[in-house]
Structures are given as C-alpha cells and as structure tokens.
C-alpha cells in the first residue's frame, strides 16, 4: 500500500519536473545554437541579461534548497517534520502526509489487537526522534499526569481533530482499526489534493515562461530579416 501511494506522489511530481527540464533545454539551446547565429547587435545583451537572471534564480533556489535539506538532515525526524509543516504553501502537504503515516500505523497496530499501552511500547522501539517515538512518549507522559486523549489530540499538531470523533464513537477494536485506516486514506487523498493545487499554480507559470521564450526566439529570427528588408527599401 505504501509503495503504491508513494508512486502516486512521484507521478504527480514528475510532470512539473519534466516541464522544468524542457524549459532549461530550450533556454540552453537558444543560447548555444540560436543566438550565436544571429547578428543581434545590442539586442543580444538583453537576451544574455534574461538568461543570467533566469539561471541565477535557479542556482539561488537550488543552493537554498540544498542548504535547507542538509539542515533538516541534522535534525531528528520529529524536529524536521515540525519545521516542514510550518513552511508556506507546502506546509499543508507535509502535515497531511505525516498525519496519514501516523494514522495508518495506529490503524494497523489496533487491527493486530494491541491496546494503547502496547501501542506505546511498540512505538517507543522506533528510531530515536521519530514521529512514532515522540508520540508514544507524549501519550505516556501526559496520561500519567491525568490529561485525557481528547486533550492530547487537541494540542498535538500531528494528530487530526477528527481522531477525537473516532475515539468518542467507541466500538470494538476491529471497527476502530477500520476507522483509523479509512481516515489515513482520506489524509492521503488530502495530501494529493493539496499537492495538485500547488502544481495547478506552478504549471501555468512554467507554460507562460515557455511561451515567452518561444515568442522571443521567433522575434530573434524575424528582427534581423525585418532589418534587412527595411534596409533594402
């Protein structure tokens, strides 16, 4: 199931990366093959400036992303996740995805017949600093001081408020497990929905840039011809 869902996310992300790659190939091709063959005079400076700004922006974004990714690698999974869910635009995507992971894990553990104490014990065996270990520690410590699960869910950013409704419904372990797994699937669908929204914003911008480059290329070809015709007249 996890492999299938990861493949779905990869499919969603592959298309914009293909567009970006196509865009870069177009710009490099224009710079290497088109511009040198055209006697553009002073106009070529504007093309060079555009290319410098474009590639400069790509490099800056790449450097920032690389630096931020290295910073996150030095943190525990829980600390990194806490940073990622606060990011503008993509924060909701990460939050829904982490909620999906936690809910699916809880659903499978309940389905195998574990009670809350046993679930905490299993999750404490996860790698140090993981989401599961952090959640288990929090549940154990807060239950000891008399805080209810409902209050914990309200305060924990990685647990959706809908989880409270499921627990209040009661039912046997089998029903609870089904509800948790169903909610995890809904959270995965929510992750895809948020991701598609972002891609729907990004793709038109990319297509707009490609259209501008195509128009600019045509102008570069036609301007010298127009200049020659004007000179002949």
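Cβ coordinates come from backbone N, Cα and C, glycine included.
Caution: TrEMBL annotation is automatic and unverified by curators.
Now, the feature entries from TrEMBL:
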DOMAIN    106-224  domain 'Type II secretion system protein GspF'
TRANSMEM  12-34  transmembrane segment
TRANSMEM  46-69  transmembrane segment
TRANSMEM  205-226  transmembrane segment
**Fill in**
Taking DSSP H, G, I as helix and E, B as strand, the domain 'Type II secretion system protein GspF' (106-224) contains 96 helix, 0 strand, 23 coil
**Prompt:** What average pLDDT is reported by the model for the domain 'Type II secretion system protein GspF' (106-224)?
**Reply:** 86
